[in-house]
Amino acid sequence: MSAVLEIQGLQKTYRSRKGVRKALDGFDMVVEAGQVHGFLGPNGSGKTTTLRTLLGLIRPNAGRMAILGREVPAALPEVAGSVGAIVESPQFFGNFSAQDTLLLLADAGGVERARVFEVLELVGLRDRAKDRVKTYSLGMKQRLAVASALLKNPRLLILDEPANGLDPGGIREMRTLMRNLAESGMTVVLSSHILGEIQLICDSVTIIAAGRRVAAGSVAEVLAQHATSSVRVRLESAVDLPASAAALRELGAQVSLEQDHLMVSGIAQPSAITRTLALRNVFVSELAPVSVDLESVFLELTGTAPVAGEHRQVDQTVMAQAGPAHGGWGQ
Amino acid sequence: MSLYTAETRRLTKRRFSRFFLLGVVVVLALIAGGMFFSNQKNTPEVVAAAQAKADREFQQAVVQSEAEKKACAAQPGSDCANMWTPTRDDFQAEWYMPSTFDFREQFGAMETALAAILAVMAFVIGASFVGAEWTSGGMMNLLLWRPQRIKVLSTKLGALLVTLSVVTVVISLIWTGIFAVIGNLRGTMEGMTSGAWQSVMLMELRGLGLVLFAGAVGFGLASLGRHTAVAMGVAIGVVVLFQFGLGTVLSLAGVKFLEAYLIPTWAAAWVDKSVKLEDWNACNVSPDGCVPDTLTITWPMAGGVFGAVLVLVVGLAMWTLRSRDIT
């Protein structure tokens, strides 16, 4: 597979009277052709700055970017016709209808006008196409934004929070649409906070925190890299939890004592747990391997898991494993 | 070309542009209607009636004057030699005629009014055309489609100026036609030689220049601030600070030719070919008496100033769009 989008060492620094803030600090990203690629990061981590920089709206301080094999921003005018994008919340002139909005964009971009009606149908706005955009709900505006991005029938589709404001049915439609587009050969880059959705529809992901890539690769790879062989252990009687934890630690296991169960890792065979506890007349009522999901990996990598009694601030992240990640420039 | 067509459609589709233009047309129609109904053609009957009234007033004045002279002579020691004696020249027939529209004499003021009204319209529409695009996010969308900032802004400006030119030319022609009709029906077209018509056309051309200047400056200011309100704020600031504030301060300071510091003077000089300012505090003795100092502002001088402002504002708008991030 060839890379459709490549970013290497991207840096962006904002200077203001309050000081200097590094929005991007040597960020790398690679997206292969035909993939649905998830682009994840907590608020303020640099996702939107990356997308804006890639699309020529922000000038980077350093780094290289390429879209469809062409260096950008230099070649952006040539590749723009193959890139459909929405960045952040959908914004349109409220007094124009969806149809007018798309027709004006089609005229400006030299796209066949018939395509406007195709994309309106595709995103489910056909019957409301002549209503003014200011009468639309957030979800409908989001659909219009996706329609505008699809108008060019792009080879690379970049969507920033496309499910924002959509109802559950709309989210499912969007998911199907993304899959269908990818199957038709389109590469989709999807930025979202709905990690369950990303895990469901994305082939690969890049996770960014504090302006740097903290994980990248296929979803399975990222999950595997951060999977732990933890086992959840419930006992017949919760009174036995502390003593059981001590017994398992003697075996060399890492044990965390929860309110009504134990989390045990570092043991090759789960049967060792049952055997050890049974010898002490403690009987197991549940022994379940804990599967890791994208959300927990995300929270671990970005250090944004909520902590009881603490109020995490927007820029407060932990740079975990900031070393070289998989899939750098040209790989 | 497709971008230019799209931008022209965007401009003409906007309700704000349409309503503002409609408002301007209504105002112009009211002015033209007012001029039509407040003027009257001097037919032979009207002239004869005015002449008769002038004669009657003259006769009454003569009788009254003689009576006053007699009364004066009856009082010994009175100086009656210098008492006023009415003459025919004191009772001219035209003074008793209703107002009439002399196209050659009066159309210039109408043309200046038209240029000023259209310039205000151009400024506001120009500012809102690009300002609303920035605030609604439309500009960012457009730049995602056409990532050539200067080309996009230039094309937008071009679409605005061409549309304003068409509107101004059409309205100016209709305006001229309406006042030609008023001249024919409610006044006179005397003296409208080909040279006079050429002068009218040149004045309208300069009016078009003023409209385009105002439109481009409004557009440029809103582009700089990325909001319509910035252009409007600057306009209000300039009026309050420089027109009223500066005018008052300069007046208190007794500055010569203080009108030269006010924008309307320069606009009038541009449209009317020249404006002559007089300083009555200076008295230059001459055979005709006290002659004031004068300063004449000509249309090339005004054009130079407007050109410099235009280059500065539009140039800055282009430069900032090129260099600033779009966030």
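Yeah, the Cβs are placed from backbone N, Cα and C, and that goes for glycine too.
Automatic, uncurated: that is what TrEMBL annotation is.
Per TrEMBL, transmembrane segment is recorded for B:19-37 (among others).
The transmembrane segment annotation in TrEMBL covers B:113-136 (among others).
Listed as Cβ neighbours of the transmembrane segment (B:157-185) (distance under 8 Å, sequence separation of 6 or more from its ends, same chain) are residues 4, 7-8, 10-12, 21, 24-25, 28, 32, 35-36, 39, 41, 101-103, 107, 110-111, 114, 118, 122, 125-126, 129, 192, 200, 204, 207-208, 211-212, 215-216, 219, 314. Among the features that TrEMBL reports, transmembrane segment is placed at B:157-185 (among others).
For the transmembrane segment (B:205-222), the list of distant contacts is 111-112, 114-116, 118-131, 134, 156-157, 160-161, 164-165, 168-169, 172, 228, 230-231, 234-235, 267, 270-271, 273, 299, 303, 306, 309-310, 313-314, 316-317: same-chain residues at least six beyond its ends, Cβ to Cβ under 8 Å. Marked as transmembrane segment by TrEMBL: B:205-222 (among others).
For B:229-253 (among others), the entry in TrEMBL reads transmembrane segment.
Annotated transmembrane segment per TrEMBL: B:301-321 (among others), in sequence order.
Within its own chain, the transmembrane segment (B:229-253) has Cβ neighbours under 8 Å at 123-124, 126-127, 131, 218-219, 221-222, 261-264, counting only residues six or more beyond its boundaries. Here the transmembrane segment (B:113-136) has Cβ contacts under 8 Å with residues 11, 14, 16-17, 20-21, 24, 27-28, 31, 142, 153, 156, 160, 164, 167-168, 171-172, 175, 206-208, 210-219, 221-223, 225-232, 235, 264, 267, 271 of the same chain, all six or more residues outside its ends. Residues 149-150, 153-154, 157, 209-210, 213, 216-217, 219-221, 223-224, 266-267, 269-270 of the same chain sit 6 or more residues outside the transmembrane segment (B:301-321) yet have a Cβ under 8 Å from a Cβ within it.
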